[in-house]
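Shown below is the structure under consideration.
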Amino acid sequence: MSNLLLILFVSLCGPGAVTENEKSTEPYSLRLVDGNSRCHGRLQVQRAGQDWTEVSPWDILLWFGNRLCAELDCGSALSLEEKTVSEREAVYLHPYRCLDSSLIDCFVSDTSRSPYSLELNCSDSVRLIGGRSLCSGSLQIQDQSLDQSWAAVCEGALDRRGAEVLCRELGCGAPVLQGALSPPGQTFHCEGHEYKLMDCHRTRTGPEICPTLNLICKEPLRLVGRASRCEGTVEAELKGEWRPVVTSGFWDLESAAAMCRDLDCGSAVYTETRDGSDSEVWSVSTNCVKRALL
């Protein structure tokens, strides 16, 4: 069985970014290379006085990718993958070594030969911050007209179609609509087919100081194989692909209860893990499920 762990990719450019042939005097700099935008590609790190080095992941999860994207001035983390490459010098990145300290503390001091690299994909213009998961929080956008600074979006700036475009762009499920999502005074005018929120037509109306828009998108989860939508095998959607879910860690009723709440079902009655087919799966951390779906 091929278990693909989705992880976040770090943003290409961030505060203090340096050019390709310049050596940084900062503790470290990060960049993404060989991607299709500044916020997508293979992660490299440059530590003070050293050359750019490949990064090899060590149990990296998507929530940590979000931290990398934010530090590098990109939007929300969309996907994170461990890629097999030709063996090269690399530095290992351990996410749990810097939970309460600088990101540089997560990098192992010495380099070693590794056949793995970390590929990260971040949104380049939108992000949700301060929420309970990657699919909820206060909406911020980054625009050329704002000199690349992040700006909050006012309440009423989205209608249903705009919220659907945003949630889809972030790899999340349908939006949970609230009173703030209403047409009057909206800034974004989306048809619903747009790939990114910033592709929608916009008008600049309303006060500059206003309550910020908080949005909750459903987690991209579903139950399949049974008669009821609240019973069946757990599947998750990542990068547009639905796959069964396997867990790293002990799966219990507490884990199932967190997922039932997000699926708008009742209390968890029964749960179990079974051997599946040889099809590809998404792997999820049990502790992450409990924390993100509270």
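Here the Cβ of each residue, glycine as well, is placed from N, Cα and C on the backbone.
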Tell me which of CYS190, CYS217 TrEMBL records as disulfide-bonded to CYS200.
CYS190
Near the Cβ of CYS200 (disulfide bond), how many other Cβ atoms are there if near means within 10 Å?
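Its Cβ shell of radius 10 Å holds 20 other Cβ atoms.
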In sequence order, which same-chain residues at least six apart have a C-beta under 8 angstroms from CYS190 (disulfide bond)?
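In sequence order, LEU158, ASP159, ARG161, GLY162, GLU164, VAL165, LEU197, CYS200, HIS201 meet the Cβ cut-off.
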